[in-house]
Structures are given as C-alpha cells and as structure tokens.
Amino acid sequence: MTAILERRENSSLWARFCEWITSTENRLYIGWFGVIMIPCLLTATSVFIIAFIAAPPVDIDGIREPVSGSLLYGNNIITGAVIPTSNAIGLHFYPIWEAASLDEWLYNGGPYQLIVCHFLLGVYCYMGREWELSFRLGMRPWIAVAYSAPVAAASAVFLVYPIGQGSFSDGMPLGISGTFNFMIVFQAEHNILMHPFHMLGVAGVFGGSLFSAMHGSLVTSSLIRETTENESANEGYRFGQEEETYNIVAAHGYFGRLIFQYASFNNSRSLHFFLAAWPVIGIWFTALGLSTMAFNLNGFNFNQSVVDSQGRVLNTWADIINRANLGMEVMHERNAHNFPLDLASTNSSSNN
C-alpha cells in the first residue's frame with residue numbers, strides 16, 4: 001500500500017513539473033525547448049565572458065604563433081575577441097577532455113568551439129521555444145519563421161563556413177575587430193560584394209530599415225488626437241483599447257499622393273506581413289550566399305572583362321575591387337604562407 005501511494009506521489013510530482021514547464025501563466029515561459037536553451041545559453045555566455053577577459057593567446061593558424069584576444073593580455077573592448085579554435089585542430093570535436101591538459105585546450109582555442117556549439121544549440125532552442133509558445137497560445141507560427149533569418153546567418157558564419165573551409169579557425173572571431181577582420185578576409189577570398197545573394201541581403205537590411213522608418217513615421221504622424229497640446233500624444237493610448245490609435249486612411253492617402261496610389265498599402269495585415277517578409281527573405285539569401293561561398297562558389301568575377309580593339313585592358317570597378325582583394329589577401333595570415341594562392345599561378349601574376 002505504501003509503495004502504491006509513493007508511485008502516485010511521484011507521478012503527481014512529474015505531472016506538476018510538466019505542467020509548470022509548459023504553463024503559459026509563468027512570468028517567463030520555459031517550455032521543453034527552454035529546458036535545453038537555458039543551460040546552453042548560460043554556458044555560452046559564462047564562458048564567453050571569462051574567455052574575453054582572461055583567456056591566454058591562441059595558436060589560431062596552427063603555426064606556433066599565438067594571437068592574444070583577451071583583456072588581461074593587452075586588448076581593449078574594441079580589439080578584444082574570443083579567438084577561434086586552432087587550425088591544428090581543424091574540424092575535430094575538441095572538448096576539454098580531448099586535450100592533454102587545460103593549458104593545451106586553451107592554447108588551441110577550445111573555448112571558441114565550446115561557446116559556438118552551446119550558443120547555436122541555444123538559439124535553435126530559442127526559435128523552437130518561440131514556436132512552442134505560439135502553438136500553446138493558439139497563435140500563428142510566423143514569429144519563429146522570422147527569427148530563422150538571424151539563426152541561419154549565425155549558423156552560416158559559425159558552423160557552415162568553417163565546415164566548408166575545413167577548420168574552425170576560419171569561423172568568425174567573437175569580438176568587434178575580429179568581426180571586421182572576418183568580413184575583410186571573406187571579401188578577399190570570396191568576393192562577397194559581387195555575389196547576388198549578398199546584394200539581396202543588403203537590400204533586405206537597408207530596405208527593411210527604410211520601410212520600418214516610413215511605417216513608424218506615418219503612424220506617428222497620423223495618430224488620432226486624444227490629448228491636449230499640453231499632454232504627450234502617447235497618453236492618448238490605453239493598452240488593449242478596441243479603437244484604432246491612428247488613421248490608416250489618412251496615412252494611405254498621404255503616402256499615395258507622395259509617391260503614387262499603389263505604392264501605399266490599404267490593408268494593415270498585408271502591410272505588416274511585407275514589413276516582416278522583406279528583411280527576413282533578404283537575410284535568408286545572405287545566409288544562403290555565405291553557405292555557398294563556404295564551399296568556394298564565390299561572387300562574380302568580371303576582372304579584365306573590357307578590352308579595346310588592340311586587346312588592351314580597360315579597367316572597370318571590378319578590376320579595382322580585384323586589386324583591393326589581392327591587397328587584403330596578401331596581408332591575411334602573412335606568416336602562414338609567403339603569398340596568397342591567387343598569386344601562385346603564372347596566369348594570375350601575369351594579369352597584374
């Protein structure tokens with residue numbers, strides 16, 4: 001009899017735990033994805049802070065020339081970064097127990113792999129948690145779909161690109177100047193500025209900013225007056241009110257006359273879908289472009305594509321970009337090789 005009661009109590013305890021995890025009444029929704037997300041993001045954040053402050057130099061190129069990235073080793077907030085895992089490790093899974101000692105693990109950049117793996121798993125679960133909460137509240141799933149764009153971009157620079165290039169040392173460093181270094185080297189090696197998917201991403205980000213500013217300013221400019229001149233216009237809104245807070249007809253009429261009639265949305269739902277879809281699709285394309293360039297399917301090459309009747313090259317902006325790319329590549333990993341692979345062939349050298 002005692003055993004039966006104990007089983008019921010245990011079952012009840014597990015049921016209460018499940019109910020608490022999946023309850024939408026909690027101040028912060030946890031969810032089953034949150035059970036994985038919370039420890040992963042806490043681990044990634046903790047290790048990042050410790051490594052950014054105190055990690056010793058890392059042999060990123062695998063040539064016994066460590067690069068300092070932490071604050072205690074001479075960097076500041078701008079120059080500091082968590083240095084990627086060493087090229088000597090390549091794509092091998094490199095947890096602490098795979099190293100002979102903690103010093104070796106730190107020297108080979110083990111913290112970078114630990115942070116990236118936990119961070120990516122954490123943001124994947126955050127996206128799943130968005131879907132899970134939407135599902136339990138009876139909402140549509142588009143919040144998680146929109147979040148998939150930055151998740152795809154993070155996956156491209158932290159996971160897909162290192163896989164394509166054969167080493168985690170090619171991943172994006174976790175710091176400000178390290179990010180810029182990654183961008184410059186990416187341009188030098190893959191000519192990303194001439195890749196159409198990157199162009200779509202630029203259109204998505206800048207276009208999304210423009211549309212967001214346009215929408216916000218139009219709404220703010222066509223608020224329905226509910227206050228006096230001596231009160232803030234924001235006081236005219238009460239959370240949960242049924243009445244419209246701005247005049248969409250006035251906003252539609254203004255913008256339609258400013259540009260032309262069909263440039264203005266007359267449907268609030270389709271307008272907000274467009275505001276979400278434009279940057280999301282653009283960033284999707286950027287992530288896809290990064291993932292293809294990871295395997296060296298690079299941007300367009302229009303070098304020396306214009307010649308005169310005598311066969312002499314007429315330089316275009318493509319040739320100017322190519323010269324800049326070569327200069328950046330010469331400075332990249334200058335101690336790891338004597339010259340970039342582009343300059344190793346006689347054809348490339350003769351073109352210069």
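Each Cβ is built from the backbone N, Cα and C atoms, and glycine gets one as well.
Features as listed in Swiss-Prot:
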BINDING   HIS118  chlorophyll a ChlzD1 binding site
BINDING   TYR126  pheophytin a binding site
BINDING   ASP170, GLU189, HIS332, GLU333, ASP342, ALA344  [CaMn4O5] cluster binding site
BINDING   HIS198  chlorophyll a PD1 binding site
BINDING   HIS215, SER264, PHE265  quinone binding site
BINDING   HIS215, HIS272  Fe cation binding site
MOD_RES   THR2  phosphothreonine
MOD_RES   THR2  N-acetylthreonine
SITE      TYR161  site 'Tyrosine radical intermediate'
SITE      HIS190  site 'Stabilizes free radical intermediate'
TRANSMEM  29-46  transmembrane segment
TRANSMEM  118-133  transmembrane segment
TRANSMEM  142-156  transmembrane segment
TRANSMEM  197-218  transmembrane segment
TRANSMEM  274-288  transmembrane segment
If one measures from the C-alpha of the residue listed as 'chlorophyll a PD1 binding site' to the C-alpha of PHE265 (quinone binding site), what distance in angstrom results, rounded to a whole number?
28
Determine the most Cβ-crowded residue among the recorded positions TYR126, TYR161, PHE265, using a 10 Å radius around each Cβ and all protein chains in the structure.
TYR161
In sequence order, what residues of the same chain, 6+ apart, have a Cβ less than 8 Å from the Cβ of GLU333 ([CaMn4O5] cluster binding site)?
ASP61
Taking HIS198, HIS215, HIS272, HIS332 as the binding-site residues to compare, which has the smallest set of other Cβ atoms within 10 Å?
HIS272
What is the set of residues, excluding HIS215, SER264, PHE265, whose C-beta falls within 8 angstroms of the centroid of the C-beta atoms at the quinone site?
MET214, LEU218, ALA251, HIS252, PHE255, LEU271
Nonlocal neighbours by CB distance (under 8 Å) for GLU189 ([CaMn4O5] cluster binding site), same chain, sequence gap 6 or more:
ASN298, GLU329, HIS332
Around the Cβ of the residue listed as 'chlorophyll a ChlzD1 binding site', how many other Cβ atoms lie within 10 Å? Please give the count over every shown protein chain.
20
Take the C-beta pairs under 8 A between the transmembrane segment (29-46) and each of 118-133, 142-156, 197-218. Which stretch has the highest count?
118-133
Using C-alpha atoms only, work out the spacing between the residue listed as 'chlorophyll a ChlzD1 binding site' and SER264 (quinone binding site) and round it to an integer in Å.
44
Assigned conformation of HIS198 (chlorophyll a PD1 binding site) - DSSP reduced to three states:
helix
